[in-house]
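Visitor: Take a look at what TrEMBL says about it:
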type: BINDING; residues: Leu28, Asp70, Glu75, Asp76, Arg95, Arg142, Val265; note: substrate binding site
type: ACT_SITE; residues: His170; note: active site, proton donor
type: ACT_SITE; residues: Cys271; note: active site, nucleophile
Amino acid sequence: MAGLMAGFGHYTHAVVRGIPVSLAKEALRSSQTEVDLAKAVKEQEAYVEVLRTRLGLEVVELPADESLPDCVFVEDAAVVCGDTALITRPGAESRRGETEAMKGALKDLNLNIVEMTDENATLDGGDVLFTGREFFVGLSKRTNQRGAEILADAFKDYAVSTVPVLEGLHLKSFCSMGGPGLIVIGSSEPAQKALKIMQQMSDHRYDKLTVPDDLAANCIYMNLPSKGHVLLHCTAEEFPESAKVFEKLKDHMLIPTSNLEKVKVDGALTCCSVLINKKANI
């Protein structure tokens, strides 16, 4: 099996998208909490500012599309690993139009584009956890076995294992990578069960960082040349107990990043960007 991907966590570019006004009323959601649109826009601006200014990534900002209320959640539209970008087929039909703009942006970055055209396949990027060594794909309301098979075909260098997601929207609704070999996981029973399955299926040993709140387990890890280990994670205002747990990561630059509004429409931190490591053209 492949070892740890060279440069795991190293990114040069991020693709993000604006928030449409339609998000507040029309975005898909599992709860009926009211979204404060102005706050959601501010939150997204702060998120993009961290990527661009604090972390120095080249940010490609796609315009919002009013006919696609969920379009800010770009992660679901593509899975990028190395030089290959898999354009997904989102599980919710209302979101399938989101992949067009994403495909254009990734083409412009000269990535090798693979499109998921099989009408029996569904895959949301939020169900895809890349550990640097292998892929875990959540089988959820939005992602099916055929979607996972096409992903395995697109990224042949890595093993791909599937994990049932019995509660929550996506696999990454309760886990993410916190560093090379470190899985951040929520403490609920479904989250812990999923972790157990991942551990059983893998030839690798992963360390785990358990946080009390499942949603707080969704964070963004990067390893940047001038910054070292970086982690964007929930704020103490959202999840005070979980925020304390991240403070144990003494080697990381910790960046609390607010997600109070977007979480109301099931958005998490990883949902709002597609991260890319583009090799310099020599």
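Note that Cβ sites are derived from N, Cα and C of the backbone, with glycine treated the same way.
TrEMBL annotations: computationally assigned, not manually curated.
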Visitor: Around the substrate site formed by Leu28, Asp70, Glu75, Asp76, Arg95, Arg142, Val265, which additional residues qualify by having Cβ within 8 Å of the site's Cβ center?
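Guide: For the substrate site the neighbour list reads Ala27, Phe73, Pro90, Ala92, Glu98, Asp124, Gly126, Asp266, Gly267, Cys271.
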Visitor: Which residues, sitting 6 or more apart from Asp76 (substrate binding site) on the same chain, put a CB under 8 Å from its CB?
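Guide: When sequence neighbours closer than 6 are ignored, Asp76 (substrate binding site) has Asp70, Thr88, Pro90, Arg95, Glu98, Asp124, Gly125, Gly126, Arg142, Cys271 within Cβ distance under 8 Å.
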Visitor: Based on Cβ atoms within 10 Å, give me the single least packed residue among the binding-site residues Leu28, Val265.
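Guide: Least crowded of the binding-site residues Leu28, Val265, by Cβ count within 10 Å, is Leu28.
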Visitor: At the Cα level, what's the spacing in Å between Leu28 (substrate binding site) and the residue listed as 'active site, proton donor', rounded?
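Guide: Between the alpha carbons of Leu28 (substrate binding site) and the residue listed as 'active site, proton donor' there are 13 Å.
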Visitor: Please report the number of other Cβ atoms within 10 Å of the Cβ of Arg142 (substrate binding site).
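Guide: So the Cβ neighbour count for Arg142 (substrate binding site) comes to 24.
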Visitor: Long-range same-chain neighbours of His170 (active site, proton donor), Cβ under 8 Å, sequence gap at least 6?
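Guide: Asp124, Gly126, Asp127, Gly138, Ser140, Arg142, Thr143 - these are the non-local Cβ neighbours of His170 (active site, proton donor), listed in sequence order.
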Visitor: How many neighbouring Cβ atoms, not counting its own, are there within 10 Å of the Cβ of Cys271 (active site, nucleophile)?
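Guide: Other Cβ atoms found within 10 Å: 26.
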Visitor: Please work out the number of neighbouring Cβ atoms within 10 Å of the Cβ of Glu75 (substrate binding site), leaving out its own Cβ.
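Guide: Result for Glu75 (substrate binding site): 27 neighbouring Cβ atoms inside 10 Å.
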Visitor: Substrate site residues Leu28, Asp70, Glu75, Asp76, Arg95, Arg142, Val265: biggest Cα-Cα distance, Å?
Guide: 15
Visitor: Other Cβ atoms within 10 Å is the metric here; tell me which of the binding-site residues Asp70, Arg95 scores highest.
Guide: Asp70
